[in-house]
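Peer 1: Here's a structure for you.
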Amino acid sequence: MKIIILGAGQVGGTLAENLVGENNDITIVDNNADRLRELQDKYDLRVVNGHASHPDVLHEAGAQDADMLVAVTNTDETNMAACQVAFTLFNTPNRVARIRSPEYLAEKEALFKSGAIPVDHLIAPEELVTSYIERLIQYPGALQVVSFAEQKVSLVAVKAYYGGPLVGNALSALREHMPHIDTRVAAIFRQGRPIRPQGTTIIEADDEVFFVAASNHIRSVMSELQRLEKPYRRIMIVGGGNIGASLAKRLEQNYSVKLIERNYQRAEKLSEELENTIVFCGDAADQELLSEENIDQVDVFIALTNEDETNIMSAMLAKRMGAKKVMVLIQRGAYVDLVQGGVIDVAISPQQATISALLTHVRRADIVNVSSLRRGAAEAIEAVAHGDESTSKVVGRAIGDIKLPPGTTIGAIVRGEEVLIAHDRTVIEQDDHVVMFLVNKKYVSDVEALFQPSPFFL
């Protein structure tokens, strides 16, 4: 595909990195010549220096014959204008835009539709991150929770702990422990390295285990890998920006929520907007404030300011003072690997959430959902099996007979309303939704090719 990426920031650059190795023709546009030079030195792509929404710049980038335009500059207005220009002047067929402002998002149904601003797919990072954190709170102890096929099946990452019934046992014992629940371990990472899960594989404490199950069975499977934690009740949020405010609004009906905001005017506004959240104006690094608000009784402390260092330090302080779990929002990708797994329980990257959403729209038509995992090194993919036995490499074939790319595991199949956990004898049928885990994202193009029907396939 010929894809134009507008914006060479962290998201634009990471998206280009993901797509360049998949036989795509990538052009990236930005007004920062140094950043463009840096990307061109690293990857096989074209660059255009200029303003992303200007017609002459888009023409130079090849909007007239591009398959897709992805607008991820730092300003919503530029992204919207670029989509409008690409549609009106160049008839670029697929247009994706990142929009952050809650004022635009509040009117998205009216603004982004046929006959209005021509954005085919809207990416709202703050909404994605809010939903992601909400899922983690719903499943105490989970490191990642990703849902597929309209929430019917989920891929969950947990850390195996001493005391979990399966820890120290082989994977084959999973069915003995849960005879009425079907699940599949898609991957195990031990000390950061992937292990191919087999029936004889012994689960060790501190293993990062990715399993696939019907969404209503997640808690049961988690209880086999770690001591099942009690549902969270008390939550403290630091930072009353878009994400913090949105998260508090979603949680306040079912949890006891406190929010700390440093800016007095913002705190005052939030106290009026939020019905059941207690809002404080103060510094989350203030030990006296945390002590007064009973930090030792908090189930989850979530730091969501715009400053990585503030989030990390306040979370470390909260953990030391007794908070049971701490989560932090991290903008810099390099920090995520450094902090998660120690004092910090979960590090959340808005860039990875955005990349996952973008890849879902950029992948070929048979790929309907993508989640970037393990800080972008791995991926979970939902693909639809199209074609028949004469045109497809997967339809009508048992999973054990399909030659999958290295490190690829089929975890589940969703057939209509039915969730089928994948086993070697499971046969894929036309229109099945197939959920896969890829230990290494470099094999994504091989998976795409596997699911593309071909009239020449015999």
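Heads up, the Cβ atoms here are built off N, Cα and C, so glycines get one too.
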Peer 1: Please state which member of D30, D34, D44, D120 Swiss-Prot lists alongside G7, A8, G9, Q10, V11, T73, N74, R98 for binding NAD(+) 1.
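Peer 2: When Swiss-Prot describes the NAD(+) 1 site, the candidate it includes is D30.
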Peer 1: Of the residues in the domain 'RCK C-terminal 2' (368-453), how many are helix, strand and coil by DSSP?
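Peer 2: The composition, in the requested order, is 17 helix, 33 strand, 36 coil.
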Peer 1: Identify which of the binding-site residues V11, V238 has its Cβ surrounded by the largest number of other Cβ atoms within 10 Å, counting every protein chain shown.
Peer 2: V238
Peer 1: To test your reading of the NAD(+) 1 site: which residues beyond G7, A8, G9, Q10, V11, D30, T73, N74, R98, same chain only, put their Cβ within 8 Å of the Cβ centroid of those residues?
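Peer 2: Along the chain, the qualifying residues are L6, G12, G13, V72.
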Peer 1: Determine the mean pLDDT over the domain 'RCK N-terminal 2' (232-348), rounding to the nearest whole number.
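Peer 2: Computed over the domain 'RCK N-terminal 2' (232-348), the mean pLDDT is 93 on the 0 to 100 scale.
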Peer 1: Per DSSP, V238 (NAD(+) 2 binding site) is which: helix, strand or coil?
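Peer 2: Going by the DSSP assignment, V238 (NAD(+) 2 binding site) falls within a strand, counted as strand.
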Peer 1: Let me check the 10 A CB neighbour count of R234 (NAD(+) 2 binding site). How many other CB atoms are there?
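Peer 2: Neighbour count, Cβ to Cβ under the 10 Å cut-off: 18.
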